[in-house]
Amino acid sequence: MMRIALFLLTNLAVMVVFGLVLSLTGIQSSSMTGLLIMALLFGFGGSIVSLMMSKWMALKSVGGEVIEQPRNETERWLMNTVAQQAQQVGIAMPQVAIYHAPDINAFATGARRDASLVAVSTGLLQNMSRDEAEAVIAHEISHIANGDMVTMTLIQGVVNTFVIFISRVIAQIAAGFLGGNREDEGESSNGNPLIYFAVATVLELVFGILASIITMWFSRYREFHADAGSARLVGREKMIAALQRLKTSYEPQEASSMMAFCINGKAKSMSELFMTHPPLDKRIEALRSGEYLK
């Protein structure tokens, strides 16, 4: 119930800001060009801001601590491993962080290849062998080298724009049809504003769910390629061993918003269509077949 209330309030806030910006810029909301411009700004705006703040948000989300100077042998090994792999793929040394969590997990984020972050859980360092941990780190380094964070942002921006634009076009038509378009009597050309808001809200929710299928598909696709990148860096058997170890780990504790960035996604889902990660068995099979290594 709280999520629904927050969604409605957020949508109302977006609608209000949308209207204010349209008024200030003099763009007519009934203009398809104006609506598309605003949908692009709002659609990409949130994604780009999230990307620019991704390192800070990720660290705050998991309570991670960036290693400035290694304090023990484990931290020295971790820093050296990240530095070596970053050099292998030709990227600048990422920041390295550790966060406290019992599950075996790690993630990479950052707005640019040369300004990135790799974070690992204490559960990973305590429960994985060095070879397995090395493979997981290589998986995250591959995400950075492949530019997955930026590509994900672009895809999210496109689907956000689609959802905002199409929802409001249909809502505008519905409000005009059901509420009567009486612009000449002083009412908005959008028709009844309550109908417009209700239809736009419902459609944004429905289209948002459908759009998430696209972003989740890309998230799963990039996991296969990051696994393959790890196999190239440290060897196929090490990556397979790491994935097999993940099968025995705790249910990931990271927030849902972080799942797309982690190597170990949640195992349970209503449908594979909405999973950020492919099933571990499929990832292992893909490595064994060499499907993404070609």
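Using the three backbone atoms N, Cα and C, a Cβ is placed for every residue, glycine included.
For 4-24, 34-52, 158-178, 194-214, the entry in Swiss-Prot reads transmembrane segment, with the evidence type sequence analysis. The Zn(2+) binding site annotation in Swiss-Prot covers H139, H143, E223. The active site annotation in Swiss-Prot covers E140 and is backed by sequence analysis.
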Distance, E223 (Zn(2+) binding site) to the residue listed as 'active site' (CA atoms, angstrom): 10
Packing count at H143 (Zn(2+) binding site) (other Cβ atoms within 10 Å of its Cβ): 25
Packing count at H139 (Zn(2+) binding site) (other Cβ atoms within 10 Å of its Cβ): 25
Helix, strand or coil at H139 (Zn(2+) binding site) [DSSP, three-state]: helix
